[in-house]
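Below you'll find the structure, written out as structure tokens, and then a few comments.
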Amino acid sequence: MSKEKIAVAYSGGLDTSVMIKWLKDKYEGAEIVAVTGNLGQKMEVDNLEPKALATGAASFHFVDLRKTFVEDCIWKALKAGALYEDVYPLATALGRPILAKALVDVALAEGCTMLTHGCTGKGNDQVRFEVTFASLAPHMKVVAPLREWEFTSREQEITYALEHNIPVSATKKNPYSIDENIWGISIECGVLEDPMVPPPADAYQITTSPEEAPDKPTVVDIDFVEGIPVALDGQQMEGLDLIVKLNELGAMNGVGRLDMIENRVVGIKSREIYEAPAATILHFAHRELERLTLEKSVFQYKRNIGQDYANIIYNGTWFSPMREALDAFVDVTQKPVTGMVRLKLYKGNVTLLGRTSPNSLYNEELATYTEADTFNHKAAEGFIQLYGLGLKTYSEVNLGK
């Protein structure tokens, strides 16, 4: 019987570190190929390879996905206005398909026989990874250790890691599960599982508490071209650099802390804490520029598309014809979304200070209540009569019955 060659989505965290040892025990003689994708998360890159090899991996691959993540995923979601259940900017959910694709690419190049991930059996990520695997490599076997192994808690995993000299940062006193990329951070587990418990200060990874944020606000100008942010305070920037800078400015001012109860793909509700400074700022700015530049029916209908797009991302069906079809619609809507938005960042809040666009549909002469008003007030009488004619007729027939 041939030995398995297993491609592992490796983060260096508790689950994937324990997983390498567990896979080698379960599949005797298996060759483990560890694959780490860089989505802009803070990590000790130099330590990942020796850690993976010391844990039992035969080889290690590090793939820089940051530019692709921004241009092919984040900007698409931003243009669509994709906020899951009106709150979550989908940082983790957006990152999973591109990580899964990178794992598939390495697995195919290395001749692997199996794909594996470190997702729990009650979370969303198992769906996102495995649906992507099925979309891109339907012939490959998939194993999900966290659905099979004997550990029933993170505390048991920590004990196992300590017993087998597996280096991990999680401790029984600090049991948070944290996932990070350039678009945001998700924090769960521990005391956060009680929805009545306020997030402890140590749960937050990058943002300053709004109460401790600077007393002087930060004002930023963000330029967009066809829905994509291209400049900050008048300086042209690559997408990656712009997001990094806004994360820094937002975090400093306590912007981007989110606490929500969300509906998971698998049918349960979960309490999630997110930090997403840049995403919060950019979604706010983009939405305000759309208010200025989009025709009324497009603006209102696009809100429905944004929810559909968010569901596609959250539910793990990124590599689908439906997502591609929605991209085509969104791209048309974004043609006029060019201009500048000025914002104030202050103690956890994002406040609109101004917006301008060469494609603005705001006509001050029509909107003003001064002598410069050019709106035809006399036309309103006939418009109202026709606009309300249906309800008037209905009431004449039905009132008094």
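Each Cβ is built from the backbone N, Cα and C atoms, and glycine gets one as well.
Quick look at what Swiss-Prot lists:
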- Ala9, Tyr10, Ser11, Gly12, Gly13, Leu14, Asp15, Thr16, Ser17, Gly118: ATP binding site (BINDING)
- Tyr88, Asn124, Arg128, Ser177, Ser186, Glu262, Tyr274: L-citrulline binding site (BINDING)
- Thr120, Asn124, Asp125: L-aspartate binding site (BINDING)
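In this structure the alpha carbons, written CA, of Glu262 (L-citrulline binding site) and Asp125 (L-aspartate binding site) are 14 Å apart. In the three-state DSSP reading, Tyr274 (L-citrulline binding site) counts as strand. The L-citrulline-binding residues named in the record, Tyr88, Asn124, Arg128, Ser177, Ser186, Glu262, Tyr274, extend over a maximum Cα to Cα distance of 19 Å. Neighbour count (other Cβ atoms within 10 Å of the Cβ, all protein chains): 16 for Glu262 (L-citrulline binding site).
Rounded to a whole number, the distance between the Cα atoms of Ser17 (ATP binding site) and Asp125 (L-aspartate binding site) is 17 Å. Straight-line distance linking the Cα atoms of Asn124 (L-citrulline binding site) and Gly13 (ATP binding site), rounded to a whole number, equals 18 Å. Largest Cα to Cα distance within the recorded ATP binders Ala9, Tyr10, Ser11, Gly12, Gly13, Leu14, Asp15, Thr16, Ser17, Gly118: about 13 Å as a whole number. Remark: of the binding-site residues Ser17, Thr120, Asn124, Ser186, the most isolated position is Thr120 (fewest other Cβ atoms within 10 Å of its Cβ).
What surrounds the L-aspartate site, by Cβ distance within 8 Å of the Cβ centroid and not counting Thr120, Asn124, Asp125, is the set Cys119, Lys122, Gly123, Gln126, Val127, Arg128, Arg264 from the same chain.
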